[in-house]
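Undergrad: Residues annotated as region 'Disordered' in Swiss-Prot: 14-39, 61-97. Marked as compositional bias 'Low complexity' by Swiss-Prot: 77-97. Summarising the annotation, Swiss-Prot assigns transmembrane segment to 141-161, 169-189, 202-222, 229-249, 261-281, 320-340, 364-384, 398-418, 422-442, 466-486, 507-527.
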């Protein structure tokens, strides 16, 4: 009896082991079926065919949603790679682009640094340009306004092209173009100021291609918090490049003894960067990081895309808020170094410059502050947003709103402190810029969340057009115009040169407060607009495939 019981137990144990082995084989077959390359040929035990029971895709926010069922596919088709089976199936992951993603993001960020370095090199030698060409504040402000006007007109065109053609080729051609124009502008004779104005307009066209398309490539390389981090690095290039523009302009002018040489640095670096983009940046598929690969193309007309964007309330309000940021940064970036120089003339700590080369100290200090506050602001904004996302789904626009409203207070204090203390003015600039710069990367991330991949380049272009049209396209000229208008009604003196420019710049904090209100309005609609974008992505995805072997 004991032997029978032992044999029975052994047989039962063998049967249980065989059953366990059978279950393990089935699980392995199911897991192979869920994988990218094995889904079409996955087999269960005994050669039974395995068919896909469901399909899932990753959404814009990183969550996983079930895609709609569709007609069967055939072996080897792209749709087969998305098939998942059973409760033990692995979640799909975006196809890897390898280590080149980080290098590509770094090169794109470097290009953004050069764009803004070139843009603000002119501001770094603005006083020399005024003395060389004999223009007043209004004429000096025209340089930046013409640049921005051409920039905003070209941006929608490049947005359309960026959603439909090879993006890295467009980027490189844009860099090569503005580099050539900037280098040529350094040889313009003294009597042809209008040629310098025209050249800045042409540079704006070249730089529009970059600012419109580059963020969408980064958006297609990364997702979720990684995308926020990479966009933070990319948009840190704005204050970094702006600060380096002031520093480069003033330093090269001092070293060469001629401000024209300041315009010959960025073109050389631009040619190198454009070549690196052609060689090292991958030709990324639109929607790649959103688990869509080849599945998304620009299927809708440009007019339909525009209508959809205008109806997107989060996009509209965040674009208006971005316009307020552009207004303030454009005006302050253009005029603050000159304003602080005039403040020191009034305080008898500096002399009025009557012929170039003029002093470079204020541009150097302001450039260094802009670089550091840009880094601090972008890091602080990204970190605050990641922490607040754990508390609320509306974290992105709320962090932007707090930064804007806080910045307005310290921008106001700049003009109070500058009357008696330059150090106090620099402290207010430091805090105000840090808070103002905290929203750049977050605003770009808001756009990525609420706009589907096939419309992102168009969305960036339209947002760029709007922000420049309502922002820095007119703010430098407007500030110069108001300053000259006030000076015409007063006696010509260093005191009124200082006061008139300060009164004109007081317009900036009020616009910044308005921008904070627009970010609060964005928070009201952000959650629903993001959910709608995720739903549209799922509808655009190609139908899943299930194959019976």
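Cβ from N, Cα, C; glycine included.
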Undergrad: Would you mind listing the long-range same-chain contacts of the transmembrane segment (141-161), meaning Cβ under 8 Å and 6+ residues beyond its ends?
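TA: Counting only partners 6 or more residues beyond its ends, the transmembrane segment (141-161) has Cβ contacts under 8 Å with 119, 122-123, 129, 170, 174, 196-198, 200-205, 207-209, 211-213, 302, 330, 334-335, 457-462, 464-465, 468-469, 471-474, 476-481.
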Undergrad: Excluding the flanking five residues on each side, which residues at least 6 beyond the ends of the transmembrane segment (507-527) place their CB within less than 8 Å of a CB in that stretch?
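TA: The answer is 313-314, 317-318, 320-325, 327-328, 331-332, 393-394, 396-398, 400-402, 404-405, 407-409, 411-412, 436, 439, 446, 449-450, 475, 478-479, 482.
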Undergrad: Most CB pairs under 8 Å with the transmembrane segment (261-281): which of 229-249, 398-418, 466-486?
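TA: Comparing 229-249, 398-418, 466-486: 229-249 has the most Cβ pairs near the transmembrane segment (261-281).
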Undergrad: Check the transmembrane segment (398-418) against each of 169-189, 320-340, 466-486 and return whichever range has the most CB pairs under 8 Å.
TA: 320-340
Undergrad: Which sequence positions outside the transmembrane segment (364-384), separated from its termini by at least 6 residues, show Cβ-Cβ distances below 8 Å to it?
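TA: For the transmembrane segment (364-384), the list is 124, 228-229, 232-233, 235-236, 238-240, 242-247, 250-251, 333, 336-337, 340, 399-400, 403, 426, 429-430, 433-442.
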Undergrad: For the transmembrane segment (202-222), could you work out the same-chain residues 6 or more beyond its ends whose Cβ comes under 8 Å from its Cβ atoms?
TA: 97, 101, 104-105, 108, 111-112, 115, 118-119, 146-155, 157-159, 162, 167-168, 170-171, 173-179, 181-182, 185, 229-231, 234, 281, 284-290, 444, 448, 453, 456-457, 460-461, 464
